[in-house]
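Look at TrEMBL and you will find Lys210, Lys263 tagged as active site, schiff-base intermediate with substrate. Residues annotated as Zn(2+) binding site in TrEMBL: Cys133, Cys135, Cys143. Feature annotation from TrEMBL assigns 5-aminolevulinate 1 binding site to Arg220, Arg232. Here TrEMBL flags Ser290, Tyr329 as 5-aminolevulinate 2 binding site.
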Amino acid sequence: MHTAEYLDTYPTDIGSVLAGGYNHPLLREWQNERQLTKNMLIFPLFISDNDDEETPIESLPNIKRFGINKLAAYVKPLVQKGLRSVILFGVPMAEGCKDAVGTAADDPDGPVIQAIKLLRREFPDLYIICDVCLCEFTSHGHCGVLYEDGTINREQSVRRIAAVAVNYAKAGAHSVAPSDMIDGRIRDIKLGLIKAGLAHKTFVMSYAAKFSGNLYGPFRDAACSAPSHGDRKCYQLPSGGKGLARRALKRDLVEGADGIIVKPSTFYLDIMADASQIARDVPVCAYHVSGEYAMLHAAAEKGVVDLKTIAFESHYGFLRAGARLIISYLTPEFLDWLDQ
Ligand SMILES: NCC(=O)CCC(=O)O
Ligand SMILES: [Zn+2]
Ligand SMILES: [Zn+2]
């Protein structure tokens, strides 16, 4: 058949056959607007003040809590496989070390400061992010300093949170990531870093859109940080709060955030897409949180999904939605999978 006759038979359907665009494995990779790569993965590490600890966390499969003496041996093979960045969470376990203002958070002998120094020394190329929050370190388990009636004292909270962030940066953290969601902390942290002469070498990664919900349970087991009373609904966003998320993103950018985290991830892809527009000049990071990770594992154990396939599918969702970085408990697996 001549070309012209062919066109006569199918005058309008020339664009109807798409399969030629992805019938080969290489073509399927070409279809990714953004490729999942090792350099975009950030791995959470739980560091306890029990120096010799290495404890599996029951609700977080394959994830352990480490004491400072066990950390390097665990991290070394990951770095050898291409791990580029970690985010640290301190877990104070010692009796009586928690108080109303979270003094243990930036104790020079505490787990976070010790871990920053050790990781900087042992792995000079590893990029160290510190989650900054008080909830793991306060006796009441809330993310800030409280008034007597149990509500958040904003001024005192952000002052304390900024002091902790500056102390992490002084100890050598490359980046601080405040996860408290209390108004105004990005501004105070930036000012604190400027005063300390550290602003030019510290990346402020704001958990700008952090939603309150049911997906943080395993993390609270890992970090022993469940609030002793009440919940976090007065500072974390309500799950329907799309407008609030957009306002929080804009606010944190104005206050000087260098990067933005959307958390959780799977159920908040619209927020991630919004963030990649509103915060288009800074990297947007998806946090695939503990509950999401645990659900994938549970489904894989039941044979409902294949872990590797669902892991790629979920993380490609974040990239499609506009994320450039992903905090993921699946990082060790990805370091292997991305080599295959
Ligand atoms: N700032 C970290 C959390 O609050 C929870 C993360 C998780 O559930 O993995
Ligand atoms: Zn917190
Ligand atoms: Zn937190």
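Each Cβ is built from the backbone N, Cα and C atoms, and glycine gets one as well.
TrEMBL entries are annotated by machine, without manual review.
The subset of recorded positions (Cys133, Cys143, Lys210, Lys263, Ser290, Tyr329) lying with their Cα within 10 Å of the Cα of Arg220 (5-aminolevulinate 1 binding site) consists of Ser290, given in sequence order. Cα proximity to Cys143 (Zn(2+) binding site) (within 10 Å) is found for the following recorded positions from Lys210, Arg232, Ser290: Arg232.
According to its DSSP assignment, Lys210 (active site, schiff-base intermediate with substrate) is in a strand. Here the binding-site residues are Cys143, Arg220, Ser290, and the one ringed by the most other CB atoms within 10 angstroms is Cys143. Of all the binding-site residues listed (Cys133, Cys135), Cys133 sits in the most crowded Cβ setting, with the most other Cβ atoms within 10 Å. Around Tyr329 (5-aminolevulinate 2 binding site), the same-chain residues six or more apart in sequence whose CB sits under 8 Å from its CB are Phe43, Pro44, Leu60, Asn62, Ile63, His288, Ser290, Tyr293, listed in sequence order.
When Cβ atoms from all protein chains are considered, those within 10 Å of Arg232 (5-aminolevulinate 1 binding site) total 20, not counting its own. Listed recorded positions: Lys210, Arg220, Arg232, Lys263, Tyr329. Those with a CB atom under 6 Å from ligand 3: none. Candidate recorded positions: Cys133, Arg220, Lys263, Ser290, Tyr329. Those with a Cβ under 6 Å from ligand 2, in sequence order, are Cys133. Counting Cβ atoms from all protein chains shown, Lys263 (active site, schiff-base intermediate with substrate) has 26 others lying within 10 Å of its own Cβ. The secondary structure of Ser290 (5-aminolevulinate 2 binding site), as reduced to three states from DSSP, is helical. Within 8 Å of the centroid defined by the CB atoms of Cys133, Cys135, Cys143, the record's Zn(2+) site, lie the Cβ atoms of Gly102, Leu134, Glu136, Thr138, His142, Gly144, Ser179, Asp180, Ser225, Arg232, excluding the listed residues themselves. Ranking the recorded positions Cys133, Cys135, Lys210, Arg232 by the distance of their Cα atoms from the Cα of Lys263 (active site, schiff-base intermediate with substrate) places Lys210 first.
With a cut-off of 6 Å between Cβ and the nearest atom of ligand 1, the recorded positions Cys135, Cys143, Lys210, Arg220, Arg232, Ser290 reduce to Ser290.
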